[in-house]
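Notes follow once the structure below has been shown.
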Amino acid sequence: MKKRKVFVFIFIGLALGLFIIQPLVISLHMYDMQGGNGEWWKSLLASYQQEVSSWDLDQAIIKLLFGLLGIALSLMFMVRQRIFQLTGRRDKLEEIRELIAAGENQQVEFKSTLRWDLRQFKPNKALEDVIAKTIAGFMNTQEGHLIIGIDDEGSILGLEQDCGTLKKPGKDGFEQYIMQLVSLKFGTHFCPLVKVAFYQFEEKDICYVRVHKSQKPVYLNLGDRSHFFIRTGNGTRELDMPEALEYLEIHLN
């Protein structure tokens, strides 16, 4: 857990204790001592004035206690949030493990790399088009799972070679490259349909791309032409114009 995040939660907790919890508790106590007579908000205002103006030893101790209470509550919330994140990530890891074990099908596709040619040992832009075709197929058919860094047999290859070809290395650069690919090939308005995450298996990173179904036709721009792809079985197929029109009439109307 990053130290900066801890300090932020400590600061928030301190502010919570001093400027919210303490005035509320003191104002409610003052209001109760008055027998419930008068207006409570005046007691709250008086408690704020007392907190600002009073700095004797007793008030300093009270401020310290309320500050510590706020910090404790804030840190408890942070830990609880972290537990939920770890639990959700563990569940997602198990889901992806099951997808890999089941193999490729109409909703699951494995790709060894994003742009690194394993045969020529250099980047190959044509491989990016293969990725784009798969994404288009999922968008036009039904939502799907694209996993990069795994070969067709489900063996983990990792992302190291791909990351070495990017201007911005690492996971952030990898995600940005995929989103730029979606924007370039389909249009920026289709980017929200693509969610990218990274997980580690066998001490190697993989890229998990969740592709949601589009409510309108998605065409892949290749050169000066637009192409229409769908998923059939465990592969992606391009439809010619008559087939595409028939498919759209049946599935998207």
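Keep in mind that glycine also has a Cβ here, set from the backbone N, Cα and C atoms.
For reference, TrEMBL has these:
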- 104-239: domain 'Schlafen AlbA-2' (DOMAIN)
- 7-31: transmembrane segment (TRANSMEM)
- 60-79: transmembrane segment (TRANSMEM)
Exercise. Apart from its near flanks, which chain residues at least 6 from the ends of the transmembrane segment (60-79) lie with a Cβ under 8 angstroms of it?
Worked result: 5-6, 9-10, 12-18, 20-22, 25, 51
Problem set entry | Helix, strand and coil totals (DSSP H, G, I; E, B; other) for the domain 'Schlafen AlbA-2' (104-239) | 43 helix, 49 strand, 44 coil
For this session: For the domain 'Schlafen AlbA-2' (104-239), provide the mean pLDDT of the predicted model.
Result: 92
